[in-house]
Amino acid sequence: EAVLEEGTIAFKNWVKTGTEVYRQFWIFDVQNPEEVAINSSVIKVEQRGPYTYRVRYLAKENITQDPETHTVSFLQPNGAIFEPSLSVGTENDTFTVLNLAVAAVPHLYSNTFIQGVLNTLIKKSKSSMFQKRTLKELLWGYPDPFLNLVPYPIPTTVGVFYPYNNTSDGVYKVFNGKDDISKVAIIDTYKGKKNLSYWLSYCDMINGTDAASFPPFIEKTRVLQFFSSDICRSIYAVFGAEINLKGIPVYRFILPSTAFASPRENPDNHCFCTEKVVSKNCTVFGVLDISKCKEGKPVYISLPHFLHGSPELSELIEGLSPNEEEHSTYLDVEPITGFTLRFAKRLQVNLLVKPAKKIEALKNLKQNYIVPILWLNEEANESLHLCTSYVRTFLNIYLQNEYAICFIFAKHLIVEELVAHFFFFRTE
């Protein structure tokens with residue numbers, strides 16, 4: 001029943017999740033934009049949210065079994081539906097946030113002549129370091145006025161998650177477990193490759209599952225490895241506690257602070273440090289530069305409010321309050337089946353902005369800023385009746401099989417004992 005093939009409980013729950021999954025957003029609304037742009041002041045932010053969308057409601061597509069390699073490939077379609085009743089406002093709520101296009105210019109175009117030309121277009125479009133955008137624009141995309149003036153063909157729509165709706169993640173190819181149940185759901189390739197081409201050495205490997213499930217019979221000592229396309233890397237979780245979830249004992253695995261630690265604290269992370277200036281020779285911890293998988297855009301990923309991050313990350317940002325309960329990531333996994341029954345995936349999207357003498361909107365900055373744009377919490381809600389029913393059914397089948405095996409074994413022992421006694425009495 002744990003094999004990923006038509007007719008099994010695992011396959012049915014794998015094709016389309018049995019729980020409702022929501023993605024909540026909190027936006028960092030900048031309170032002093034002019035002061036920052038003119039005086040390079042500390043950025044004062046106010047967190048606003050949650051704004052909630054239902055996600056992962058679409059079934060996997062293009063599911064193809066390969067009996068020779070014991071793998072199954074698929075696409076995971078993306079979609080987001082706004083949930084007003086679970087939100088503090090509407091998609092038309094407005095925020096003051098970093099101007100994504102302007103902030104990216106010094107990173108994408110280091111040539112000062114080109115920067116000067118682009119500065120003319122930035123001024124002509126009346127763009128500045130910060131901008132006002134609605135929630136819908138910020139998340140899903142808007143036509144940028146500065147980019148619209150660029151006289152050669154480039155993408156002109158900008159958004160933190162643009163494009164998202166009507167797109168797909170993958171192609172994934174995972175092991176179906178038919179020949180080896182200890183490999184079930186483990187990713188073999190992503191987009192046709194076994195590596196990502198973003199990182200050096202083993203950091204570039206695609207490890208583990210997609211975290212929706214893991215191979216069965218999980219022990220507390222196991223390190224759960226999983227790949228997340230959101231952060232462009234494989235990562236891991238370690239055992240934290242035993243939890244009772246609607247009558248089902250589960251293991252809570254947590255993302256440890258070492259996952260985003262500096263190479264000084266965790267030498268295994270040395271190949272995630274790709275530059276020396278912003279990272280201060282790879283000593284800054286708690287953020288991950290994912291610009292290589294974002295077409296050079298200076299995107300940095302962290303835990304919300306820079307939880308477990310270097311003190312210098314929050315020195316230039318006022319209004320952050322990191323805490324474990326609200327901002328850590330965890331997975332609640334049923335250990336016999338390996339199914340993830342509940343989870344909270346939390347991360348923060350930041351953008352690096354640095355001084356640029358040829359760009360008037362950025363010329364007054366005196367230092368680099370890693371500016372938080374938003375943080376998100378993707379979680380399965382408490383209505384887990386369908387998913388837990390799958391697990392209960394699976395466990396019942398498993399336990400029935402165990403009892404059957406025990407019965408057969410006991411019966412075999414009794415027969416052996418009777419035979420032994422029969423021959424014992426015969427020999428006498």
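The backbone N, Cα and C atoms fix where each Cβ goes, and this holds for glycine too.
Note: TrEMBL annotation is automatic and uncurated.
For Cys271, the cysteine that TrEMBL lists as its disulphide partner among Cys203, Cys232, Cys387 is Cys203.
When the candidates Cys273, Cys293 are compared with TrEMBL, only one is recorded as disulfide-bonded to Cys282, and it is Cys273. The recorded disulfide partner of Cys232, taken from TrEMBL and restricted to Cys293, Cys387, is Cys293. Comparing CA positions across the disulfide-bonded residues Cys232, Cys282, Cys293, the one lying closest to Cys271 (disulfide bond) turns out to be Cys282. Looking only at Cα atoms, Cys232 (disulfide bond) sits nearest to Cys203 among the disulfide-bonded residues Cys203, Cys273, Cys282.
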